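First the structure, then my questions, so here it is.
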Amino acid sequence: MGKDIEVGTEYAPKDYQDPPPAPLIDPEELGKWSFYRAIIAEFIATLLFLYITVLTVIGYKSQSDIDHNGVQCGGVGILGIAWAFGGMIFVLVYCTAGISGGHINPAVTFGLFLARKVSLVRAIMYIVAQCLGAICGCGLVKAFQKAYYFRYGGGANTLNDGYSTGTGLGAEIIGTFVLVYTVFAATDPKRNARDSHVPVLAPLPIGFAVFMVHLATIPVTGTGINPARSFGAAVIYGKDKAWDDQWIFWVGPFIGAAIAAFYHQFILRAGAVKALGSFRSNA
């Protein structure tokens, strides 16, 4: 069986098929119910993601607040918060992958758009749906935990004391790179063809990537790596600090996603080599 072996600028036959690149603008998808169903799925998934995770963060802070009848080691701790974020991504990607692709994150959508996996129209609509879902999810948390919501920061991402802006931005770039790189690797059609005898559940490594990044960066920025998550919490919380640092949680993840898309498509998948070979053959 072919293994994508290079011979000069020629390639041996593949035992898998890459899907064709998504068009930049695809007017046909606007007339399909599957397009709008996918947008709804992204909205609901992001709503549920923010509801469960922000509620976990606030619950932990209230249970460990010794000034308000909490105990010093109460609640789930940072480990539990990381599990909440990673576990919810695992569950929601599993539920929505067959409907919308299970992005639940504008940075993931942006990375897949750069790799020509989704059209521009779909990418924009997904990001809008994700942001609206995040706002609604945080709104539900505020409605159910009004007494604790503002006292414990509303789950909003901010740059923690003792860290510079550059450190926070770097943490978001690297963290998002890990996530989006994992998304590309877990959904790579070449992997599915080559390792078809090994059952690969794509949501599992993606959820673990989110879990691991949270363990590393919660002390720095509270871990964004998802602009919708940061935006929704900032909108409902509404305090200046959350908005002052908001740009970090958009610029960092988008840069990280772009680097991951370039690395996977042009380095690991040899997109640059193939493009150069095609150019030489036509010269």
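Just so it is clear, glycine is given a Cβ too, placed from its N, Cα and C backbone atoms.
Not my notes, these are from TrEMBL:
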COMPBIAS  1-17  compositional bias 'Basic and acidic residues'
REGION    1-21  region 'Disordered'
TRANSMEM  39-60  transmembrane segment
TRANSMEM  80-102  transmembrane segment
TRANSMEM  123-144  transmembrane segment
TRANSMEM  164-186  transmembrane segment
TRANSMEM  198-220  transmembrane segment
TRANSMEM  247-268  transmembrane segment
Residues sitting near the transmembrane segment (164-186): Cβ under 8 Å, six or more positions beyond its termini, same chain?
105, 107-108, 111-112, 115, 200, 202-203, 205-206, 208-210, 212-213, 216-217, 220-221, 223-225, 245, 248-249, 251-257, 259-261, 263-265
Against which stretches of its own chain does the transmembrane segment (123-144) lie, if we need a Cβ under 8 Å and a gap of at least six residues from its ends?
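For the transmembrane segment (123-144), the list is 35, 38-40, 42-51, 54-55, 58, 100, 103-106, 109-110, 112-113, 154-155, 227-229, 231-233, 235-237.
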Within the same chain, where does the transmembrane segment (198-220) have neighbours whose Cβ lies under 8 angstroms from its own Cβ atoms, ignoring anything closer than 6 residues to its ends? I mean 6 or more beyond.
78-79, 81-83, 85-87, 89-91, 93-94, 97, 102, 159-160, 163, 167-168, 171-172, 175, 178-179, 182-183, 185-187, 191-192
